[in-house]
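Single-structure report; data block below.
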Amino acid sequence: MQSDFSQGKVWKNVINQAIPLMVAQLIQILYNVVDRIYIGHLPVIGSNALTGIGLVFPITTLVAAFTNLFSTGGVPLFSMARGAKEEKKAELILGQVVSLLFVTSLALMALCYIFKRPVLFLFGASEETYVYADQYLKIYLLGTIFSVLSTGLNGFINAQGYPKKGMMTVMLGAIINLILDPIFIYGLHMGVYGAAIATVISQGVSFAWVLSFFMGKKTFYHIKKENLILKAGMVGKITSLGISGFVMQGTNCLVQIVCNKMLFMYGGDMYVGIMTVINSVREILSVPGSTLGSGAQPVLGYNYGAKQYERVRKAIRFTAAIGFLYMLIAWLAVIIFPKEILSVFTTDKAMIVSGEHALKLYFFGFFFMSFQFVGQSTFTALGCAKRAVFFSIFRKVIIVVPLTIILPMLGLGVEGVFIAEPVSNAIGGLASFTTMYFTLYKKLPE
């Protein structure tokens, strides 16, 4: 793959970087979404079981946030140490991250087991849906260590120049989960338990793959006992660098909790289930837009460093135009085929009928997300990561959360929850893009 981004066509450079990211993320999302699809089609209990799975989302998102904290903080330090030929320091960073991930996963697993009932009811569970959320969560938590370590250490595989091996970590888990889900859920008649067991097994396989890499001959960096003892100075550096990734993922958790709670209060279990489907659709449809922005980052950063400012402008324009076009097409697909999309996840007629209107409301301003993606990607690529974090928090915490609480109280009911998203997309997306345009794009030298 090309590494000199000052050569060749800018749009090709961006696409070449974006496609592998898109494939990897789609595989990762398939890993999670396939459970919801199979569970939603269970006879009789499908809609309540799907809602129960949706109640677990904030917990899995919180686990991902802590994984991000240590992984996105450790990988850059590891790469810098490698570049400086400081091999012992690189291995120390690897060992520190392993310990942080391990200890955190144990702590999260223990806390979730202890407080799972009050937490799930806080998230919007009812007695009917708690049963299924509990069935899934108490099995799923057993794989927390596998999930956190395989995901958190995968970046260290990629950082050593083995992206294909890194992608295999995700692919192995996704394929095994896809195969085992119908066997455990339907073949062995284990229902929700079966979905959770299949997920834990697939996470275990991914973890074994990652562990085999670090115990093998291809890596120059091994996990050594002496590096597992936590050192305050190094822990501080890792967490300070990874805090932005933690905050961005953590705000997703907050939004999920507030949405589920308000939907339960104003609409009941069915609307929490509808939001589970909507979140699944959003995750899938957002990937090409977000990875286009992520793929543009190395191209933007390289050309900015090389003082090729016109190429920087071209990359921004291309990313903005193609991103907007894609998100517009995705929005039209949702507006035209809402029933077909919902039918992928459930056979419940009442959920499909109510979900059609909810889906259209929620995705009404979806194309504005393209502006958010290109704005945040440009900020990050050109060294303004704090602005990227700010606009993520601005959209989710300052706009979405208050509107999700206030609009239903003003008489809009469940519609208010779904309306909050397009309003935040429009305001947040335009604010991010406009700020980027006037503070970075317009100020680039000729």
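Glycine is no exception: its Cβ is also placed from the backbone N, Cα and C atoms.
Residues or ranges marked as transmembrane segment by TrEMBL: 49-71 (among others).
What TrEMBL lists as transmembrane segment is 92-116 (among others).
What TrEMBL lists as transmembrane segment is 136-157 (among others). Same-chain residues lying 6+ beyond the ends of the transmembrane segment (136-157) with a Cβ under 8 Å from its Cβ atoms: 52-53, 56, 59-60, 63-64, 66-67, 70-72, 74-75, 78, 94, 97-98, 101-102, 104-106, 108-109, 112-113, 116, 120, 165-166, 169-170, 173, 192-193, 195-197, 199-200, 203-204, 206-207, 209-211, 213-214, 219, 221.
Sequence-distant contacts of the transmembrane segment (169-187) (same chain, at least 6 residues past either end, Cβ-Cβ under 8 Å): 24, 27-28, 30-31, 34-35, 38-39, 42, 150, 154, 157, 193-195, 197-199, 201-203, 205-206, 209-210. Among the features that TrEMBL reports, transmembrane segment is placed at 169-187 (among others).
Annotation source TrEMBL lists transmembrane segment at 193-215 (among others). Long-range contacts of the transmembrane segment (193-215) within the same chain, counting only residues at least 6 positions beyond its ends with a Cβ under 8 Å from a Cβ of the stretch, are 31, 35, 38-39, 53, 94, 135-140, 142-143, 145-147, 149-150, 153-154, 156-157, 162, 165, 168-170, 172-174, 176-177, 180-181, 183-186, 221-223.
What TrEMBL lists as transmembrane segment is 315-337 (among others). A Cβ distance under 8 Å defines the sequence-distant neighbours of the transmembrane segment (315-337), meaning residues of its chain 6+ beyond its ends; these are 10-11, 13-14, 281, 285, 288-289, 292-293, 296, 299-300, 303, 359-360, 363-364, 366-371, 373-374, 377-378, 433, 441.
Marked as transmembrane segment by TrEMBL: 361-385 (among others). Long-range contacts of the transmembrane segment (361-385) within its own chain (CB-CB distance under 8 A, at least 6 residues past either end) are made by residues 244, 278, 281-282, 285-286, 289-290, 292-294, 296-298, 300-301, 304, 312, 316, 319-320, 323-324, 326-328, 330-331, 334-335, 391-392, 395, 415, 418-419, 421-423, 425-426, 428-430, 432-433, 435-436, 440-441.
Feature annotation from TrEMBL assigns transmembrane segment to 397-420 (among others). Outside the transmembrane segment (397-420), and at least 6 residues removed from its termini, the chain residues within Cβ reach (under 8 Å) are 251, 254-255, 258-259, 262-263, 265-267, 271, 275, 278, 357-358, 361-362, 364, 427-428.
As annotated by TrEMBL, transmembrane segment applies to 426-444 (among others).
Cβ atoms under 8 Å from those of the transmembrane segment (92-116) belong to residues 59, 62-63, 66-67, 70-71, 73-74, 77-78, 81, 134, 137-138, 141-142, 144-145, 147-149, 152-153, 156, 214, 221, 223-224, 226-231, 234-235, 238 of the same chain, restricted to positions at least 6 beyond its ends.
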